[in-house]
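Quick look at what TrEMBL lists:
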TRANSMEM  6-22  transmembrane segment
TRANSMEM  47-69  transmembrane segment
TRANSMEM  81-100  transmembrane segment
TRANSMEM  129-151  transmembrane segment
TRANSMEM  172-199  transmembrane segment
TRANSMEM  211-230  transmembrane segment
TRANSMEM  242-263  transmembrane segment
TRANSMEM  283-303  transmembrane segment
DOMAIN    342-422  domain 'PhoU'
Amino acid sequence: MVLLLNIAGGVALILFGVRFLRKGLDRLLGDRLGPVMQRFARSRIKAFLAGIGVAVIAPSSTTMSVLAVQTVRDGHLPPRRVLAVILGADIGLTMMVLLIALRLDQYAAGFVAIGVALFQFTRSSRSRGIGQVVLSLGFIFLGIMTISSAASSVQPDGDLLELLTLAARYPFLLAAIAAVLAIALQSSTASIGLAMGLAAADLGELNPMSFAVPVVIGANVGVGVTLLIIAGSQPAARRLALGNLICKLTTAVMLLALSAWVIRFVDGLPLNLDRKIAVSHSGFNLVMAACFLPLVNPVYYLVNRIAPDPPEAQQREFGPRFLNNRHIDGLAIATGQSRQEIMRVSAMVRGMLDDLWQALQKRDPELAQSVQERDDQVDLLDREIKRYLARIAGEDADADTSAEVMAQLRYTNELETIGDIIDRNLAELVVKRAETDIWFSDDGWAELDSFYKKVAENLLIAETAFATRDQILAQRLLRHKQALGEEERQLRDSHFTRLRQGQTQSHESSSVHLDILTHLRRINSCVTHVAYAIVQSQAEPA
């Protein structure tokens, strides 16, 4: 019983270390990984190499899965190319297991000490991020050491040895169990770390690789299932995840069918046991990449046949309503069409903000999630409008048309930014807030609600000013910016006063309260940029 508890404790340490590592990397790298990946993924091979590089920098399968799904969802890269990114990322992610295989667990306490010093006693976000990463590695190494210590006490004739011997006879079943474990833990590293720890036991005549190799294969399949879960209901993201899972399952079945040969090959390498396990993990993903990187297009074609869009989705496929390429040569008509489409986007963004506020007031996470889904539509229309306007600007446009195109580009860009603020910042706050019983104080909520209504009013004024090119409305927006900026500072001071008075609700909701104020102010800043554009365009000589 004590043996099993020690092993479970070691797995828990590894799992916590992996998750803490992911948060540390988020703190250290922020949102920079996505743009880096998109910048370099210009072809299938470059996408594959970009996946390796990004995964080496951020060795977390969950982080890479979320990044891939978000990239497909936002339309920044074609799904086929993102599949190549994932094939590369799977190789880059093996760096974590290779690092564990160096058996630095004897320095685990040192990693923890350095990590705590940086994370706990420094103020710089960068230093704290580095400290969190180092501390995470310390937890992982400590977990491996705990499992190894427990496994070293296994008796050659004990029950655990009998269980491992039995499992090694059925590699497919053992791989399935490892896959389930990786799905439950949402970490292949924890599953493989467990295999490394158990391999340290005195297994008598049992070859440790006979159970370690199936565990490695199953853990990789489990990561593929995790990506499918993260993809959610978005069709393009689910097809990406399904394509990745097909690659992993096919590779797994092939290697398990040849498991006897694979085990002999890996066991014959002149490496210690941990490094053999790490090499088998890397080998799985190298074999998968070699097999499927040339077949990315056929795989995605197959996935489209297996999981096409439902008929009702095809009938109601969302897209531009007013953009018509047949009128692209008629510049006045074309700019009129693009203006209509932009007004449609503006109405959608206003609806998103209104519904998001209702979701916050009613503590309705489902409504907040529906708002997030609408941001995908805003992003799609933003891309189509910009593509359309780029064609207009290239049609020997005169100065007036060029100025109109620039004004429209500025406005649609601000709308897209507002949509992102609602989706990635405010909606996330609403979802998190719905999971708790914490609410704002009466005064705090009244202040937030009043501030929101003024921002929403400015958004409507900006829409009208854009449609009518009304200088008076534009000047009104600029006056509102200064007034709202001063009001935001007053509301922050008012909130701090309640904190000093010891109001419990204000204390519990403080971070969310201040974040909402910040994001509403950002939205208002985007709104006033529209006014600047109108004022400048009117000031320029004809």
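Just so it is clear, glycine is given a Cβ too, placed from its N, Cα and C backbone atoms.
No curator has checked TrEMBL annotations; they are predicted automatically.
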Other parts of the chain folded back onto the transmembrane segment (81-100), taken as Cβ under 8 Å at six or more residues beyond its ends: 37, 41, 43-45, 47-56, 59-61, 64, 68, 71-72, 137, 140-141, 144, 188-189, 192-193, 196, 220, 223, 227, 240, 243-244, 247, 274-275, 277-278, 281-282, 285-286, 288-289, 292-293, 296, 299-300
Chain residues in Cβ proximity to the transmembrane segment (283-303) (below 8 Å; excluding those fewer than six residues from its ends, i.e. six or more beyond): 44-45, 48, 79-81, 83-84, 87-88, 90-91, 93-94, 216-217, 220, 239, 242-243, 246-248, 250-252, 254-255, 266
When counting Cβ pairs under 8 Å to the transmembrane segment (211-230), the leader among 6-22, 129-151, 172-199, 242-263: 172-199
The domain 'PhoU' (342-422): DSSP-derived helix, strand, coil residue counts: 74 helix, 0 strand, 7 coil
Within the predicted model, mean pLDDT of the domain 'PhoU' (342-422): 85
For the transmembrane segment (242-263), sequence-distant contacts whose Cβ falls under 8 Å of one of its Cβ atoms, 6 or more beyond its ends: 79, 83, 86-87, 171-172, 175, 207, 209-210, 213-214, 217-218, 220-221, 223-225, 227-228, 280, 284, 287-288, 291-292, 299-300, 302-303, 306-307
